[in-house]
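Since the structure comes first, as structure tokens, the remarks are kept for the end.
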Amino acid sequence: MNNNDLVAKLWKLCDNLRDGGVSYQNYVNELASLLFLKMCKETGQEADYLPEGYRWDDLKSRIGQEQLQFYRNLLVHLGADEKKLVQAVFQNVNTTITQPKQLTELVSSMDSLDWYNGDHGKSRDDFGDMYEGLLQKNANETKSGAGQYFTPRPLIKTIIHLLKPQPREVVQDPAAGTAGFLIEADRYVKSQTNDLDDLDGDAQDFQIKKAFVGLELVPGTRRLALMNCLLHDIEGNLDHGGAIRLGNTLGSDGENLPQADIVATNPPFGSAAGTNITRTFVHPTSNKQLCFMQHIIETLPPGGRAAAVVPDNVLFEGGKGTDIRRDLMDKCHLHTILRLPTGIFYAQGVKTNVLFFTKGTVANPNQDKNCTDDVWVYDLRTNMPSFGKRTPFTEQHLQPFETVYGEDPHGLSPRTEGEWSFNAEESEVADSEENKNADQHQATSRWRKFSREWIRTAKSDSLDISWLKDKDSIDADSLPEPDVLAAEAMGELVQALGELDALMRELGAGDEADAQRQLLEEAFGGVKA
């Protein structure tokens, strides 16, 4: 049975648990524990990780209340295991299963699945890929918690493919989530090194224990990330509890992260309640995304490269935001901006971009002034489909951007303006600074170049650069005063939100409605929605 079939069958088992009050998120947590036990059994690694008496067959051999009690004891025992990595995965883990028959059915069903593909058993990476599939399923279904800003896997794959991590390079994600960027970086290096077999023993050991470092604020999400890494044979530094550390990037934990040759990350959007900024940055600000940008600049060594997914406000916010962008373009070679389409994140309506940059310049990695000369911008947002379940965002949508980006990971491949995928030539040209003195044909393309001097003089160091006119845009001159529009919009939104809340509860999605209300409360500074 292939991995996709196994993921589908494992996810179908969730329906029975849902009837018993187990949420999707809790189901993934249960599967994480059980899948680890099963992985050790199927790959012959039980002796490496699990003490005798606390293995898959020990759990399977029991039924009913005895099995549930044994399972609870097993979680406690492994959470205090002498092996630090196992301890980190199982620490403070409790089962949410309360009915013995549910656990028996889950264990029995998992045991009866065909864990073979032809004549071959599942490898450790097979279990890892399967687990990633479950995480994506969870993100699709919940759209909240760990899944609300789940980075689309096609985007992660493109970013890593363009950054091209090499053996013995350290890759860091300071907002690790479920470790998607780190897993993809590991996958890329393995694809270039015959699954690490082309490397000597020291280099292989480096890849397993030192190459990948993440930091995650939420304990439950960190556990999912640790499990993801472990299933992909990424152990990380055991003194820090594995590849994914628990802590706050915007505090002392972030300062203690090692320097990294590559940073690939998607910091949390919005207020991110619970994330306190206790760290002293060069440009103090309450905007957490701007603080993450400063962390990336600080953590990169000369010549290090980065890709960061950021919301639009990072590109145009004034005051400290302007100072931070100037710092970025001074100390780093900001060579590429990818304007992402809306709807690709499960937090609907969020407008995002990817910034690609190198610390210093390739010619002089230690350069810390005037490192940015030209910034190339690819507009994958204007007049693109509304992505979602019906219109999924795929690798094919990113292929034209990958082509014009080029093979050089520092963005130094020969580049030419002009790329007209997705009917760009049919777009109208906006009346904007970007199109003054622009060739009409080039102005309809998705791929343009803007000089550092132009960004300074024409945009006052804003990086909110767009030149195509959205076909659904409205002429601003015909609109009422802004305060009137804002009041009308807020009134309509309040009414619509109330109706949607009632509808979701009628449809039996009360937990999802509560999650969305919590997001609203965070957005309004804790005021009850």
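Just so you know, glycine gets a Cβ as well, placed from its N, Cα and C.
Of all ranges given (384-403, 424-443), Swiss-Prot attaches the label region 'Disordered' to 424-443. Within 10 Å of the Cβ of F150 (S-adenosyl-L-methionine binding site) there are 22 other Cβ atoms, across all protein chains. Across the region 'Disordered' (424-443), DSSP assigns 10 helix, 2 strand, 8 coil. Within 10 Å of the C-beta of P152 (S-adenosyl-L-methionine binding site) we count 24 further C-beta atoms, all protein chains included. For the recorded site, G180 (S-adenosyl-L-methionine binding site), the DSSP three-state label reads helix.
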